[in-house]
């Protein structure tokens, strides 16, 4: 997030900061709330103040929406008071899932006291409602996603806050990443979505840094900060690189210095990995010099996709000069290899995700940096969200993944280039989707 107070944003999307309400006594006791109206406890009120203080220091917030249940509404009102005294707009469609006969029960007793409802709650059938007037996951999904889409349509080019509930936030995540795993949605966690008319993108997920005073992390996951290399002269003119070994240009070196300065302020980076291609390796070495002079560990598995006969060609000429290779490169078939020794998207996917998985297993409970390429980063996104990423991946953009022991991949931040925003380097010289495959 930018610390700027400017509200100027790309008018094509709305930035929606989705916050879970603070803690209640029922949260603390493990009692099921659903639609029951439970107030915040003292810890929850303190959490609300912490997240409000955080959001007040970020880019201008134009509106605050909330579920009409007290635990969300008080959290939202605390945020609104710190963000210019905005009026909270109540929306019942942002409520938690109605959990029917389970509401009011302690989780550990629910299976015994209301077995039919508990079985329905655990069902993987998304159309399964819960006895006692409870909703299905499908009903929750359509209610919550429709609400957020309405909010986005009303606030294009603006930044708004939405305070809601854990089940509702999981439904929103499912809309953006249909097959991804959310992990636990913590009280007052910050989750940032960008919504256009037809595309939802998660920019950050599960951020509770406002509640943490230390750099300690849970041992259950590895935090991997994935950075795209700085700009090269070939990026600037739109020439396809692939496995060809092109150095950074002066702009790329400045970008590397900026992302290096930013990451030097991140706590406890324990290792730095890089593709062995010069443009990534130089970026990684610049970062390493600012992070305790760590030794960069080179991994050829982090290389860009091999693009065969289109490597070395200008994008604008490739279709004419190498039509067969260009058609293969442009194909949506993930098993399509590119003539001239090029890889398929599936080959890239398995190579890149296997590398990151190995790194995650080796550094459990630690924070590491990986410097790689646009095509690789797209493959990692596909692993976390089970769909293709269609936007651009700017040079030195920061993308944070959490890899768990249970083999779950969660994106915590995506496409962050705040370190470039005060310079002339926040736009690529050729800012189209294809450049992130070079």
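Glycine is no exception: its Cβ is also placed from the backbone N, Cα and C atoms.
Remember, it's a predicted structure, so these values are computed and weren't measured experimentally.
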Binding-site annotation, TrEMBL, substrate: partner of 228, 229, 230, 231, 232, 233, 234, 235 in 262, 265, 279: 279
For the binding-site residues 234, 279, the one whose C-beta sees the most other C-beta atoms within 10 angstroms: 279
Residue 304 (active site, proton donor/acceptor) and residue 232 (substrate binding site), distance between Cα atoms, whole Å: 14
Nearest-integer angstrom distance between the alpha carbons (Cα) of residue 234 (substrate binding site) and residue 304 (active site, proton donor/acceptor): 14
Helix, strand or coil at residue 234 (substrate binding site) [DSSP, three-state]: helix
Residue with minimal Cβ packing [other Cβ atoms within 10 Å] among the recorded positions 228, 229: 228
